[in-house]
Amino acid sequence: MVLIESSEGEDEIVVKNEPKPSSSSSPQPTETKQVDGDDSDGFETASEREVSDEEGEEDGTKNDAVTSQEEPQHSEKKEERVELMSEGEVIVDDGSIQEKAMAEANEAKVEGNKLFVNGLYEEALSKYASALELVQDFPESIELRSICHLNRGVCFLKLGKCEETIKECTKALELNPTYTKALVRRAEAHEKLEHFEDAVTDLKKILELDPLNDQAKKGIRRLEPLAAEKREKMKEEAITKLKEMGNSILGRFGMSVDNFKAVKDPNTGSYSLSFQN
């Protein structure tokens, strides 16, 4: 006769045999089966055919049933392994954690977009920062992070913080080098700061990615003269500073930079100084 007992404090069924005075066989192992009834977990309860009744060798009494686990069977279909946990033990599913974090980050980004539309740029910055913090270590979040960095850059642009815009757009481009929107916004920030050459560089990169981009073409035509003008202005300022420095040194010897003439080499375009009285 087979009795099924529920072990206290555990989710398993133990199959045990009642002693039979007339039977004579060897002790048998019994199998465990989880209460949830899932047949695909690799654990099965022994059937009555598999369970034999035995008496002890000397006293004629039945031995206690023993709970055992079958060795895994090799078959064409891969069997799912189930890990038995002790009380209080928790299995952490990394995939579920990442999915939850990605969902929360997307929600924060959407909230940031709504705040941006309403002109609440500081609040939007906070939401985008929260989204970035949630998924900063996930490789799957590259696109989301690049978007959040760009959106933060636009917020800073609206707040007049162009240097911060450049930093955020640069981070977006580090994640996605072909992100033309980030190049556009960074070029805009450079222009506001009168970094005309840097702005032209970004616009030319946009044309490399999108040769038909009319806005980039117009921007280059407009900014290149400004960049050239600023280069000349910076050159003049540098020469003035060098003259001041030279006069401070040469003055000790009764000379000035006016005693020297800069002569341009037509072949190389470089300059040399010649002394003149």
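Each residue, glycine too, has its Cβ placed from N, Cα and C.
Those TrEMBL annotations? Automatic predictions, nothing curated.
Look at TrEMBL and you will find 20-32 tagged as compositional bias 'Low complexity'. The compositional bias 'Basic and acidic residues' feature in TrEMBL is assigned to 71-84. Per TrEMBL, the feature region 'Disordered' maps to 1-95. What TrEMBL records for 146-179, 180-213 is repeat 'TPR'.
In terms of DSSP secondary structure, the repeat 'TPR' (146-179) contains 27 helix, 0 strand, 7 coil. Under DSSP, residues within the repeat 'TPR' (180-213) fall into helix, strand and coil as 27 helix, 0 strand, 7 coil. This prediction places the mean pLDDT of the repeat 'TPR' (180-213) at 97.
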